[in-house]
Amino acid sequence: MGLSDGEWQLVLNVWGKVEADLAGHGQDVLIRLFKGHPETLEKFDKFKHLKTEADMKASEDLKKHGNTVLTALGAILKKKGHHDAELKPLAQSHATKHKIPIKYLEFISEAIIHVLHSRHPAEFGADAQAAMNKALELFRKDIATKYKELGFHG
């Protein structure tokens, strides 16, 4: 399931665009996630009060968390599949503290793909979308393995 060098290049090319505005992209991803899958909002005590898209757009905390999420994902993507060291603490916190099911990681992956396509259509065509989907699938597969090692079957 690994990615070719060319696929990783497509992923990292568009990620360069994301890094120019991590907080903005992250906020858009979280808004898309919460609007598309409102049940995911229940995992975030500090965001539960955000009921409308306007509330979410006005939230500096949501923007900060979006930045945190995409910073962590960027560090993982840049490892081109050799992300064990980056994945371990993330799996630990998401399995034992936050109890985030793998299904929710699928939901946020869909949100990431949607946001990247809407914000960067020229750089995120079909090939880049397929490569990013593959990279996010690899991430989910590997984090699911770590979850099982930790005894979490979410």
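The backbone N, Cα and C atoms fix where each Cβ goes, glycine too.
Here Swiss-Prot flags His65 as nitrite binding site. Look at Swiss-Prot and you will find His65 tagged as O2 binding site. According to Swiss-Prot, the feature heme b binding site maps to His94, an assignment based on similarity to another entry. Residues or ranges marked as domain 'Globin' in Swiss-Prot (evidence: sequence analysis): 2-148.
His94 (heme b binding site) sits 14 Å from the residue listed as 'nitrite binding site', taking the C-alpha atoms as the reference points. Taking DSSP states H, G and I as helix and E and B as strand, the domain 'Globin' (2-148) has 118 helix, 0 strand, 29 coil.
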